[in-house]
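Below you will find the structure I want to go over with you.
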Amino acid sequence: MDQNQLKLAVAAAAVEYTLSKINPDSIVGIGTGSTANCFIDLLAEHKNSFQAAVASSDASAERLRGHGIEVIELNAAAEITIYIDGADEANPHLELIKGGGAALTREKIVTAVANEFVCIADESKWVDFLGQFPLPVEVIPMARSHVARELVKLGGDPVWRENVITDNGNQILDVHHLYPVASAQALEEKINQITGVVTNGFFALKAADVLFLATQQGIVTHYPKA
Ligand code: 5RP
């Protein structure tokens with residue numbers, strides 16, 4: 001199977017799992033990216049099985065609405081039953097790097113609210129240690145150079161993702177050369193303390209609850225390693 005077929009396979013598995021968790025009153029959280037798009041397209045066949053969706057980006061909201069799925073503001077959702085999203089890297093603790101699609105802040109907010117965070121990915125995303133994928137950091141535009149200098153002090157090599165403005169009107173620095181990250185939780189905390197950082201793409205302080213990984217041998221279900 002090529003990578004696209006793997007993404008479709010894992011999206012199909014996640015739809016089955018989601019259907020086992022939701023009811024017609026449920027609000028489903030939906031992530032961003034090509035794997036999340038596969039999930040959206042397959043979930044659309046079951047749009048009467050839940051009440052509405054909360055999306056982690058304007059792009060996903062538009063795709064959901066295109067399928068006739070109601071999209072509501074997070075503030076209007078009393079509860080999110082389940083949140084499904086992709087990742088750029090995942091380790092055995094189910095700590096992630098996310099934000100390749102620049103949606104990390106809204107993704108982290110929806111993750112914080114959801115009762116369960118289900119990550120879906122193809123096997124190329126599975127790593128022993130995080131950090132080969134450059135870590136996205138969303139910054140307030142006027143703080144970009146300051147944040148970049150602070151990231152250099154932490155051993156990183158930040159690169160401004162020019163021509164990208166996030167859905168929140170901010171900018172992205174991609175931090176290279178962090179590999180291998182010894183403690184993603186410690187680094188997530190440290191980077192978030194830099195003035196001007198909105199958030200960073202480590203999802204380690206709150207990791208995924210379950211990961212469905214598409215491999216050539218089939219879908220493998222991972223739970224966080226203790
Ligand atoms: C977007 C994300 C995506 O989940 C991540 O980039 C993975 O994307 P894809 O499924 O296209 O590989 O974090 O901000």
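Glycine too: its Cβ is placed from the backbone N, Cα and C atoms.
Taken from TrEMBL, the feature substrate binding site covers T32, G33, S34, T35, D85, G86, A87, D88, K98, G99, G100, G101, K125. As annotated by TrEMBL, active site, proton acceptor applies to E107.
Quick one: how deep are these features, and who are their neighbours?
G100 (substrate binding site): 20 other CB atoms within 10 A of its CB, across all protein chains.
Mapped onto three states, the DSSP output places E107 (active site, proton acceptor) in helix.
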Between the Cα atoms of T32 (substrate binding site) and E107 (active site, proton acceptor), find the distance and write it as a whole number of Å.
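Each residue's Cα considered, T32 (substrate binding site) and E107 (active site, proton acceptor) end up 8 Å apart.
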Other than T32, G33, S34, T35, D85, G86, A87, D88, K98, G99, G100, G101, K125 themselves, what residues in this chain have Cβ atoms within 8 Å of the centroid of the substrate site's Cβ atoms?
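Near the substrate site, beyond T32, G33, S34, T35, D85, G86, A87, D88, K98, G99, G100, G101, K125, sit G31, A36, A103, A121.
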Would you pick out, from the binding-site residues K98, K125, the residue whose Cβ has the largest number of other Cβ atoms within 10 Å?
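The residue with the most neighbouring Cβ atoms within 10 Å is K98.
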